[in-house]
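A.B. asks: Annotations per TrEMBL:
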type     : residues : note
TRANSMEM : 213-233  : transmembrane segment
TRANSMEM : 301-318  : transmembrane segment
TRANSMEM : 324-345  : transmembrane segment
TRANSMEM : 393-414  : transmembrane segment
TRANSMEM : 420-438  : transmembrane segment
TRANSMEM : 450-478  : transmembrane segment
DOMAIN   : 506-629  : domain 'STAS'
TRANSMEM : 513-533  : transmembrane segment
Amino acid sequence: MAPLPLPPPNPSSNQGASSLSIAMVVNNKVDSLSYDVEAPPAQAPMTPAVVSAPPTPRGEAAAAPAMTTTAAAVELHKVSVPERRSTAKALRQRLAEVFFPDDPLHQFKNQSSARRLVLALQYFFPIFHWGSDYSLRLLRSDVVSGLTIASLAIPQARTRNLITHTRHYSSFVPPLIYSLLGSSRDLAVGPVSIASLVMGSMLRQAVSPDQEPILYLQLAFTSTFFAGVFQASLGFLRLGFIVDFLSKATLTGFMGGAAIIVSLQQLKGLLGIIHFTSQMGFVQVMHSVIKHHDEWSWQTILMGVAFLAVLLTTRHISARNPKLFWVSAAAPLTSVIISTIISFVSKAHGISVVNWRSPQGIEPSFSEYADLQWLLRSFSRSAVNYSAGCKTAVSNIVMASAVLVTLLFLMPLFHYTPNVILSAIIITAVIGLIDVRGAARLWKVDKLDFLACMAAFLGVLLVSVQMGLAIAVSISLFKILLQVTRPNMVVKGVVPGTASYRSMAQYREAMRVPSFLVVGVESAIYFANSMYLGERIMRFLREEDERAAKCNQCPVRCIILDMSAVAAIDTSGLDALAELKKVLEKRNIELVLANPVGSVTERLYNSVVGKTFGSDRVFFSVAEAVAAAPHKTQP
């Protein structure tokens, strides 16, 4: 492949330009090209560097001596095509990457049948993996952490808007199951206050727990059952990547809005209001609070503010000093005990109590199938468990045992527990979900992410939790579509002293090469962005020609498309490249491709478009394309 000479430099455009020489090695011969490149405005002087020629194969004469900064050796390389794969093999590999990126069956390879059986048991029942090495030292740590998280689980049981012993069963049974099937040693399993309250509020919109408690309970069982079915199905079908469509920005806004909504719901207990709205919107809640101001109880408010201040203080202490994690961990149960004593001594004058009763058993029922359609529409003790020094899932067993003891023997002791203390505990638990610093970082780094965060936040706060979640998902999908349909494209220039081409917007020292327009595409080329690709390149060409005419320089005669960041291309993208090539040829402008990745190269050469470009229009790098790009038209 012999290169054709570049257009001669314009003598009148030498002012403010630097000389660049390129030595191209082809068939052990060296061709030197020398032309001017436009220097960037006012830049710091660069330290000269020596670039040596490529090593000479043993037994052959040296092609050329070493060159200095004004000459760099460019050896042409062939763009290789990946090994051909059958359609079945390619599809199998692609599906494996989509659904099994972690290769979960890798440990079973090259193992005996007996060993595979043992690995299977350990895979599905992790307790067999760590149980054989369990010791008293680990038990001591797990007991401490289990009792610590039990002190959080017991007070939070009242927040689930269900019959008392049902709330405790939900804290007792799941940890036992997870200790057998769970793989995380730190995860503390059980209902989360904010999720429970959101579900309870949604159920109350359909059924009143006071007027129809049995139906309310059945709907709660059914909704949690289907939540488990959905979650298990996602895990079994390896569809966990669906959750990735919720960006961190939208989750930050959604969780912040949900935390405020849940906190507002606690104004009923914090103010001692008897008649309270069942709706969750900010406007509706505040209207209900103001409307029933005559029901406010000063005794309840005094106790609530006092304990809320204590709980927030202990939370702050533990946050400042992680070694004192037990201060905030023990604060909820301690507050419950102290407030219960105060309420008992004062005979609960002016303060409503929870009236917890001993369990009488329950049989879950799923007879209300008529409400399934409504049910199908539609946070962290683990950190405390980790801070408490848990070593294995035994900490969940300890927590479940503590809850069971409370359920069977200690329930009457909590008869006089004030509702206000539970409201204070919930507010303290969810307030940490309001990430103001995270929102500020989003504003500083990415304004679009901040907009998504605020849209999800206001959607939850002013409309509903469901609408806020829908807005969060919609914005996440819109951002993905925006990045796919409008990929980032940059004009590149050569960095002095190197053969590397970088974005001129990022590297101010990068210099243009006359007669060349190097465009970098930083996204896959699909049907959704193929038209935009051609339009944006023609705009780059127009702007470059206008700049060259203004500076009395050579117009563009060759466009190099740097495809190093193009991860994939489809047939629409290939057709767009072919169409762009035809349009440019009518203007005597060449279009060449540089550094395509394996999958792009494979599709390119398997299509008619690849034959249109030919091997002399596809280059290993931009530098080689600049050195060897053909020019049939002189300026």
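Heads up, the Cβ atoms here are built off N, Cα and C, so glycines get one too.
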A.B. asks: Looking only at the domain 'STAS' (506-629), what are its DSSP counts of helix, strand and coil residues?
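C.D. replies: Once the DSSP states are binned, the domain 'STAS' (506-629) shows 60 helix, 22 strand, 42 coil.
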A.B. asks: Take the transmembrane segment (450-478) and find every residue of the same chain, 6 or more past its ends, with a Cβ under 8 Å from one of its Cβ atoms.
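C.D. replies: Distal contacts: 198, 201-202, 245-247, 249-254, 256-258, 260-261, 280-283, 377-378, 439, 442-443.
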A.B. asks: Compute the average pLDDT of the predicted model within the domain 'STAS' (506-629).
C.D. replies: 90
